[in-house]
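Here the structure is laid out as structure tokens; the discussion comes afterwards.
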Amino acid sequence: GALCYAELGTRITKSGGHYIYILETLGPLPSFLFLWAEFFAIRPANSAVVSLAFGRYMLEPFFTPCAAPVSAVKLVSLLGYYTVLTLNSWSVTWSARLQTALSIVKLLALALIIVPGMMLLAQGHTENFQDAFDRQSLVLDKLPLAFYAGMFAYSGWFQTSFVREELIRPERNIPLAVIVSVITVIVGYMLTNVSYYTVLGTQDVLASPAVAVSFVQRAFKSLISVVPVLVALSCFGTMNGGIFTFSRTLFVASREGQWPPLFSMIHIRRHTPLPAVMLMFPLVTAMVCIGDIYHLMNFFSFSRWLFIGLATLGLIVHRRRHPELHSPFKVPLFVPVFFTIICLFTVAMSFYSDPVNISIGCTMVLSGFPVYYLIIHRQMSNRCRSSFYYLTHKLQLLLEVVQQEIKTY
């Protein structure tokens, strides 16, 4: 999937990620449905999940061996999210620098888990790996949910595509960033899981609300106050990256005429997409307050993987329509074909695995149809258009934003 997006990023020169790829390859209706689902389901639920993980790991060391109170976790989660929101409203440069610093913190946290685990494994602690591939407990109808949960951890592989126009030498740096980062993440996460299972049994992992805390408690108590904070900072970086990229999606959608023009404006002094950043505030707050991690994950994963599959399907379509187009990076055709089949098959199977949450997610996507035909496809009357522009002008004055490009960093 990351390789497919690397090619899309070199073929299509606009920022916007999934949205712009679907728009350029499959047309305006699928792209608007993605935008609709992204705003009302995918992005706020995803941000809520990461925020709750941040709050859990920040508080868990203080309450061990008891579980942290749910209300306290949600309060800290919201405080963390609001901090990231403020930073992205303040400075593009500082949010980008913070992302780099927190990526280093993430690697440090992984190293503190991997090294002790590998040391114990080298000493012969292999008892938890006996019958590791026993298929008696394998339930096929739960595989889509396992796929959603597992791939959630790897979900940063498409982030560079959202800021394509802001990158220096994107035709070189997008493929390079994708290949290096995905290989690093695969190796790091595989070793991390091996370390977890060297110390903890399967049931211990399933029962733990914060696996890294349980790992440190069992293996190296001297790190009990360090590792959870590092993991929380890693989640903080994921929140920052999510806001950083989502605001660019709205920015591009506004520029393409499928979202109100206010969200393609940036602050006159800070040069940040302030309206787009602030739009997520109420929905994320609501989902953190009423949801839990696993239900939220299943809810938004259906829509996310449906549209990721459509984006890679669009790569196949774009190749057939524009064979003359030169791309500095090109993957073999079987890669997007195979990946698209996996995505769409998993999405179809998940209706059987978790019908309630998946049906809600599907309904959210389908609700975009009437909105598209009533507002986007049909032209507004002159009276509605005048009212709309009046409201946009007032909000523009209030937020101090103007129509301008985001600067390259």
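First residue shown is number 1, and so on along the chain.
The backbone N, Cα and C atoms fix where each Cβ goes, glycine too.
If you look up TrEMBL, you'll see 19-42 (among others) marked as transmembrane segment. Panel annotation: around the transmembrane segment (19-42), residues 5, 8, 12, 161, 246, 249-250, 252-253, 256, 258-259, 279, 283, 299-300, 303-304, 307, 310-311, 313-315, 317-318, 361, 364-365, 367-369, 371-372, 376 of the same chain, lying at least six beyond its termini, place a Cβ under 8 Å from a Cβ of the stretch.
What TrEMBL records for 62-84 (among others) is transmembrane segment.
The transmembrane segment annotation in TrEMBL covers 104-125 (among others).
For 145-163 (among others), the entry in TrEMBL reads transmembrane segment. Sequence-distant contacts of the transmembrane segment (145-163), counting only residues of its own chain at least 6 positions beyond either end whose CB sits under 8 Å from a CB of the stretch, comprise 1-2, 5, 8-9, 15-18, 21, 46, 49, 173-174, 177-178, 181-182, 185-186, 189, 238, 241, 244-246, 248-249, 294, 297-298, 301-302, 304-305, 308, 346, 350, 353-354.
Using a Cβ-Cβ cut-off under 8 Å and counting only residues 6 or more beyond its ends in the same chain, the transmembrane segment (175-199) has close neighbours at 2-3, 5-6, 9-10, 107, 110, 113-114, 116-118, 120-121, 125-126, 128-129, 132, 153-154, 156-157, 160, 205, 211, 215, 218-219, 328-329. Here TrEMBL flags 175-199 (among others) as transmembrane segment.
Look at TrEMBL and you will find 219-239 (among others) tagged as transmembrane segment. Listed by sequence, the residues of this chain that lie at least six past the ends of the transmembrane segment (219-239) yet keep a Cβ under 8 A from its Cβ atoms are 47, 50-51, 53-54, 57-58, 60-61, 64, 80-81, 83-84, 98-99, 102-103, 105-106, 108-109, 112-113, 116-117, 120, 156, 199, 210, 212-213.
According to TrEMBL, the transmembrane segment annotation covers 274-296 (among others).
Residues annotated as transmembrane segment in TrEMBL: 302-319 (among others).
Residues 1, 3-4, 6-7, 141, 143-145, 147-148, 298, 301-302, 305-306, 308-309, 312-313, 315-316, 319, 358-359, 362 of the same chain lie 6+ residues outside the transmembrane segment (331-352) yet bring a C-beta within less than 8 angstroms of a C-beta in it. Per TrEMBL, transmembrane segment is recorded for 331-352 (among others).
If you look up TrEMBL, you'll see 358-376 (among others) marked as transmembrane segment. Cβ atoms under 8 Å from those of the transmembrane segment (358-376) belong to residues 28-29, 32-33, 35-37, 40-41, 257-258, 298-303, 306, 350-351 of the same chain, restricted to positions at least 6 beyond its ends.
Panel annotation: around the transmembrane segment (302-319), residues 1, 4-5, 7-8, 11-12, 18, 21-22, 24-26, 30, 33-34, 37-38, 41-42, 46, 148, 151, 155, 158, 325, 333, 336-337, 339-340, 342-344, 346-347, 350, 357-358, 361-362, 364-365 of the same chain, lying at least six beyond its termini, place a Cβ under 8 Å from a Cβ of the stretch. Below 8 angstroms of C-beta separation, residues 39-40, 43-45, 47-49, 51-53, 74, 77-78, 81, 85, 88-89, 149, 243, 246-248, 250-251, 254, 262-267, 357, 395, 399, 401 of the same chain, each at least six residues beyond the ends of the transmembrane segment (274-296), sit close to that stretch.
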